[in-house]
Amino acid sequence: SVGFKAGVKDYRLTYYTPEYQTKNTDILAAFRVTPQPGVPAEEAGAAVAAESSTGTWTTVWTDGLTSLDRYKGRCYDIEPVPGEDNQFIAYVAYPLDLFEEGSVTNMFTSIVGNVFGFKALRALRLEDLRIPTAYIKTFQGPPHGIQVERDKLNKYGRPLLGCTIKPKLGLSAKNYGRAVYECLRGGLDFTKDDENVNSQPFMRWRDRFVFCAEAIYKAQAETGEIKGHYLNATAGTCEEMIKRAVFARELGVPIVMHDYLTGGFTANTTLAHYCRDNGLLLHIHRAMHAVIDRQKNHGMHFRVLAKALRMSGGDHIHAGTVVGKLEGEREITLGFVDLLRDDFIEKDRSRGIYFTQDWVSMPGVLPVASGGIHVWHMPALTDIFGDDAVLQFGGGTLGHPWGNAPGAVANRVALEACVQARNEGRDLAREGNEVIREACKWSP
């Protein structure tokens, strides 16, 4: 008979194109692919490219109505993973036309929306994305960025200090405000709502906002420094989230906060636009990230979530601590910390950076080191992160035997000592403990 036979077809015939020269408008992706036994690498790589772009499992007559060559994703390179016999990195190029402008949501729906459940693969992990400059320019990015934030806060030449208020659930609004005041008065720049503090029966959001604003103004008056508290605006609906941000703006506080993964990219981008229009800084917490990024061979690496956040918008984002972890992890973490802060980042596989990324002057995001850190980590943190970071000590402040304010003083004294030692040319990695011991004399 005339015509074609429909049937399950080999993807590699159409979607594996090793001779393809990538365009600088393409979105490039590096996938770590673990195929099912018996599935050749080229077929698995091509399947990923097809399923995340134009492909379907058979030939359909409407294929004739469009130009596949213009719209298809292409697997253009495959390389083995050293030390893993059943894994390889598949590089896929997507034409820019496949994506809606200014929508991180659509970018992820396209690239990772469907393909992760694909039968021919045992596991799939998105390791990195190269976002072309043409696509970046369709995003507003962070509401303000590192430089504007320093100008707003009038704080230069050192990392900023924060503290998450604990116990995170159960305090009344008034007592919560007291804890905020003590920390800010003692010398911290910021205090923080915990990521799961939204608006619960024991403390409704509006009461918390009011008492925290009072604490901020009182601490500012006493210290002569600009203070902030990350008021968590995360809510069940976008409307409610914006309502909370509006109230924060009416109180005149400098910064609000959002959980960008649980809240979702659409909500996050909405809030980021509101924050830029209204002069609010935006602190981003990455609650739920480990669900996506913890498995080594499946999911998405955090550097992809970090890039997505810079596009969607946020002025701070939690990025791990590095201290006390393995050396290799330090390089990888510093890799995505630079992806958040710098304007141009060279490809560097030793730091997990698969592609050179140019952010074309999109504002940078301050990485936040938080979780299990305390005063003795200060030299290492100052050494590793440099000035452009927020160091957050929760228990490391509130756990001080004399209380919150002395705990805050201790952190500030330690930080100032480390910055001064570094500026005087001392080696913090080697002499850190000594620097802290000297500083102890001036600290509660």
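Even glycines carry a Cβ here, placed using N, Cα and C.
For Lys166 (among others), the entry in Swiss-Prot reads active site, proton acceptor, with the evidence type sequence analysis. DSSP assigns Lys166 (active site, proton acceptor) to coil in the three-state reduction, outside any helix or strand. Within the same chain, the residues at least 6 positions away from Lys166 (active site, proton acceptor) whose Cβ sits under 8 Å from its Cβ are Asp194, Gly394, Gly395, Leu398, listed in sequence order.
According to Swiss-Prot, the feature active site, proton acceptor maps to His285 (among others). The secondary structure of His285 (active site, proton acceptor), as reduced to three states from DSSP, is extended strand. Of all Cβ atoms in the protein chains displayed, 28 besides its own lie within 10 Å of the Cβ of His285 (active site, proton acceptor).
All protein chains included, Arg286 (substrate binding site) registers 23 other Cβ atoms within 10 Å of its own Cβ. According to Swiss-Prot, the substrate binding site annotation covers Asn114, Thr164, Lys168, Arg286, His318, Ser370.
Taken from Swiss-Prot, the feature Mg(2+) binding site covers Lys192, Asp194, Glu195. The local packing around Glu195 (Mg(2+) binding site), expressed as other Cβ atoms within 10 Å of its Cβ over all shown chains, amounts to 22. In the three-state DSSP reading, Glu195 (Mg(2+) binding site) counts as coil.
As annotated by Swiss-Prot, N6,N6,N6-trimethyllysine applies to Lys5.
If you look up Swiss-Prot, you'll see Lys192 marked as N6-carboxylysine, on the strength of sequence analysis. Cβ environment of Lys192 (Mg(2+) binding site): Gly162, Cys163, Thr164, Ile165, His229, Tyr230, Met257, His283, Gln392 lie under 8 Å away, each six or more residues apart in the same chain.
Summarising the annotation, Swiss-Prot assigns site 'Transition state stabilizer' to Lys325 and lists sequence analysis as the type of evidence.
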Cβ-Cβ under 8 Å from Lys168 (substrate binding site), same chain, 6 or more residues apart: which ones? Asp194, Asn196, Val197
Translate the DSSP assignment of Asn114 (substrate binding site) into the three-state scheme. coil
In the same chain, outside Lys192, Asp194, Glu195, whose C-beta lies within 8 angstroms of the Cβ mean position for the Mg(2+) site? Thr164, Ile165, Lys168, Asp193, Asn196, Val197, Tyr230, Asn232, Met257, His285
Largest pairwise Cα distance, Å, within the listed substrate binders Asn114, Thr164, Lys168, Arg286, His318, Ser370? 37
If you measure from the CA of His285 (active site, proton acceptor) out to 10 Å, which binding-site residues from the list Asn114, Glu195, His318 are inside that radius? Glu195, His318
